[in-house]
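Below is one structure; the comments refer to it alone.
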Amino acid sequence: MSRKEVRKMAIQEMKRIGYAVMIAKSGKFAKKYASSAPYHLFFTRVENSQETHNQQFSITFSEILDRSLGEIVNSLHLTFMVDVKWLYLQYLLAGQRTNMTILCKHRTYHEELNENVTIIKVEGQRDQFSSHHANIMILQYKDGIRVIVSTAGLYSVDWENRTQGLWISPHLPYLPESAKLSDGESPTGFKKDLERYLSKYEQPALTQWIYAVQMADFSDVNVFLVASVPGIYEAVEANFWGYRKLAHVLSCYATLPDAQWPIVAQSSGVGCFGLFENWLLKDIIWCMSKETSKDSKNHPQFQFIYPSIENYKQSFDCQHLITPLSYKAENHSKQQWLESYLYQWKATRTGRDCAMPNIKSYTRISSDSKSIPWFVLTSANLSKAAWGSTKQYKGYSIGNYEAGIIFIPKFITGTTTFPVGEEKTPGTDVPVFPIPYDLPLSKYESGDSPFIDKFNEDEIFLHSFVLYIIKDLKKKIEKRHKNTKKKSREAPEDNTSDTKKTRQMSTESNDFTNNNQQNIGDSRSSLKNSEKDSNSITFGMKYFMHTYQVFDSKKLRKKARKMAIQIMKQIGYAIMVVKPGKFAMKYASSVPYHLFFTRVENSEETYNQQFSITFSEILDHSLGEIVNSLHLTFTVDVGWLYLQYMLAGQCTDMTILYKHRICPCHEELSKNITVIKVNGHEFSSHHTNIMILQYSNGIRVVVSTAALYSDDWKNRTQGLWISPHLPSLSESANPDDGESPTDFKKDLVRYLSKYEQPALTQWIRAVQMTDFSDINVFLVASVPGIHEADEADFWGQRKLAYVLSRFATLPSDAQWPIVALSSGVGCFGSKFESGLLQDITWCMSKETSKDSKNPSHFHQWKATRTGRDRAMPNIKSYTRISPDSKEIPWYLLTSANLSKAAWGSSKQYGYSIGNYEAGVVFIPKFITGTITFPIGGEEDTDIPIFPIPYDLPLSQYESGDDPFVDEFVNSLRFRRAIKK
């Protein structure tokens, strides 16, 4: 398989799971890296900030692995948190495949690993509050290594919409075999420091990596490594770690300014300092300033950038109810003196204002905000655990593993400072040093406070909960699938012809077995408490269903929409997003047909089509605020449906009648949702898809071919008709008032009454008290049962025949072929004439005799014109088309496949129908006042082209091709199972 194919496969898999796909052009990073000299400092690209996508210092993870830097033969990853699947896909995205050794504190999942991946959990920190917080990569090539020091963990969320920093070393070639292990040192002692750090893990798996470092030439490295390792240190060893190491480097190599240059610290977490400023003043400020005495009162000003609550509220993370920020409310209550040092996170200049910082940095900045004497990029937050503290009788104590880089001008630019303003320093060639935040700094606004854990406690817990219940849900689905397989193997085989025929009569009923396994993507972890798990899914859905009961403002609707998008991403649902509040205009332009096809996720051509639609558009606020809704459907995923309402900023009561529910756990429902299973014969089906949306001043009816679950609205061709707004009649009106010219109202009341469901009484009344006079289509429905006499003409093929014979101008000869399109085929028997011709063909033609003969031909699904060639049709439609493919005399959109169960058949004991079905018939006389609809050629200015989903003329099957049958996909599944 080529690298291009592997890359494509990785992208598809990432989309399926719900990872953000951060794509950069492959093979180009070496050039970007060269232009980053002399600092080689990068910030992660922010997915939701287009401004960052083309910045010279912006980077995606796969760029680090880009083949332009060399073929990776081995890799080491030291990190706080890892999602192995995400990391593996990043390598595939870059066209690399290699052995990986990963040392981590947390794993988002504990999936089975490939043989080339070794994971070691870092234990042995000093206490529960310690952490393995370092993020270091070493990439090994055939001819050398490369070291990366980063602030980001190895999981998707940390690389999407946060501000992260990383330093990437030059290629470090191997020393000759005759070289000493101490050769190839950098001017900064980086090699020795890295070797010392790796040795502290005391991990046999790192022996080869320590040797690889020893055998590499680090002479081109111009930065210092500053690391922390848990332990108690005394004497000389104390100067190797934490703030002591930083103090040593700065005092020896940096040209430190006077106290007028403030120290600027920036981090995503805040530790516990206590009631007084002792640690901050005597340890941190001391180590970063020129003064050697800890008692000096003339210390520099200290400024601390940490996001405020308002900063967080405006962030991308807040939209998704996640955060990298960590500051305990209990700690803040004991150290409110810190507020006098606090500054907001502002990064407008770099396009990262809304990208919460997980980057940690420390520096000193000149009074005019144009120069810095040094810069630290590190994983270390402002805490004693990260930097260390001196304790009486105990020595110098450090709690965490941390790693960072110190940039000193003397070793990089040969100057005493780096320029940080908008322009280079006049008279020098020194490039501007990339600072992630805006200068000058911005103090907190009056009344604002630092972000603390308690501020977002409920939302953060909830988000974490949702991420991990997905895992539980997936297990339940897999378990149920295995049980179903087991039962099917154990069940005795039924070879009777009657059973076979009955099963074929309702292929859609059996389709559920194939469709009900949703692609629930592997979720992504985003919180430090990612080890938490939950066995309950019911609480999660219930929480969401009760959280936003009323969307009474634009702001609340926007919040609900953002939350819905995030949840859908985590679960793995396709996010079919369109601009809210615009559908009324699209609907108005769909006159006179009001016929739509679902947008196809993988076909961008369908995105901007006037007749393309997403589910949430049906619920759009521009059509009105929904106060109640009825859904009749084949299959429902209640969670998905509820999220669609959230996406549209609607929250209302729902009554759902269904045949199947997708969620195997049958989640506990909110009080505003009622679900009723439609029972019947095991081989008949409730196949209808009808919605009635109730507003304060009327209703709207939607007849569709798509069921209420994600897959049916993603990459399939579906059709739906949406009625105009149907206003309520006056209280004094009779239920028979407000009928349409097509008797749609009467037919809908009759259909709903057939369910004999008390829950539908209010809906029947709602229909009766509505004015349907603007409806210009006919309702054609099927209801299970044996129908006799006049009753037979109300349902199935008999109803269609009745409508066509009375209201359609049928062609005078048989040259206008009948064209049927469906996604399922029933059992017609061995003789064509007795199965299809006598009932279906007869009801759709002018001839009254059932003895006419007409050849039958299969034709392919082709829909290039509408961008739906690869979107398999679940739409069902029937029509007749003129020989020149330019006109049709009528058109039927329906849920009814070409089967006796759907349309009905005459038996000895009467007219028999097996399924509930529903569709609408478009008759020109009632819509355009003509006898045909135009479907091809140039558009008449007065009569719009009728939207046909497939290409014309039709295409017959190629030689040797056959219709799709169930056994074909079953054999594919079997082959895939064998491969696995």
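Backbone N, Cα and C define each Cβ position, glycine as well.
No curator has checked TrEMBL annotations; they are predicted automatically.
Residues annotated as substrate binding site in TrEMBL: LYS360. When Cβ atoms from all protein chains are considered, those within 10 Å of LYS360 (substrate binding site) total 24, not counting its own.
For SER383, the entry in TrEMBL reads site 'Interaction with DNA'. Around SER383 (site 'Interaction with DNA'), a 10 Å sphere centred on its CB holds 25 further CB atoms from the protein chains shown. Mapped onto three states, the DSSP output places SER383 (site 'Interaction with DNA') in coil.
Feature annotation from TrEMBL assigns region 'Disordered' to 479-531.
What TrEMBL records for 489-501 is compositional bias 'Basic and acidic residues'.
Per TrEMBL, compositional bias 'Polar residues' is recorded for 504-528.
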Measuring Cα to Cα, how many angstrom lie between LYS360 (substrate binding site) and SER383 (site 'Interaction with DNA')?
12
According to DSSP, which kind of secondary structure is LYS360 (substrate binding site) found in, if we only use helix, strand and coil?
strand
